[in-house]
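Over in Swiss-Prot, the protein carries these features:
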type	residues	note
DISULFID	C4-C54	disulfide bond
DISULFID	C13-C37	disulfide bond
DISULFID	C29-C50	disulfide bond
DOMAIN	4-54	domain 'BPTI/Kunitz inhibitor'
Amino acid sequence: GSICLEPKVVGPCTAYLRRFYFDSETGKCTPFIYGGCEGNGNNFETLRACRAICRA
């Protein structure tokens, strides 16, 4: 889906949440640290969810 093409957004908050995003350049779901607010749809709690939605 199109959310998989959105850029990784850490956001301005300071929570330290391990999430995954689909990297459209590599075609893989990649871990990143999410701040907890103002993210976008390319933000998954599990690698499995990222792969399922973005077909990585």
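Residue numbers in this text run from 1 along the chain shown.
Glycine is no exception: its Cβ is also placed from the backbone N, Cα and C atoms.
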Across the disulfide-bonded residues (C13, C29, C50, C54), the Cβ with the fewest other Cβ atoms inside 10 Å is that of C13
Please determine which of the disulfide-bonded residues listed here (C4, C37) has the lowest count of neighbouring CB atoms within 10 Å. C37
With helix taken as DSSP H, G or I, strand as E or B and everything else coil, how many residues of the domain 'BPTI/Kunitz inhibitor' (4-54) land in each class? 10 helix, 15 strand, 26 coil
Measuring Cα to Cα, how many angstrom lie between C29 (disulfide bond) and C13 (disulfide bond)? 23
Which disulfide-bonded residues (C13, C37, C50) fall within 10 Å of C4 (disulfide bond) by Cα distance? C50
Rounded to the nearest angstrom, how far is the Cα of C37 (disulfide bond) from the Cα of C54 (disulfide bond)? 22
Which whole-number value in Å describes the distance between the Cα atoms of C50 (disulfide bond) and C13 (disulfide bond)? 22
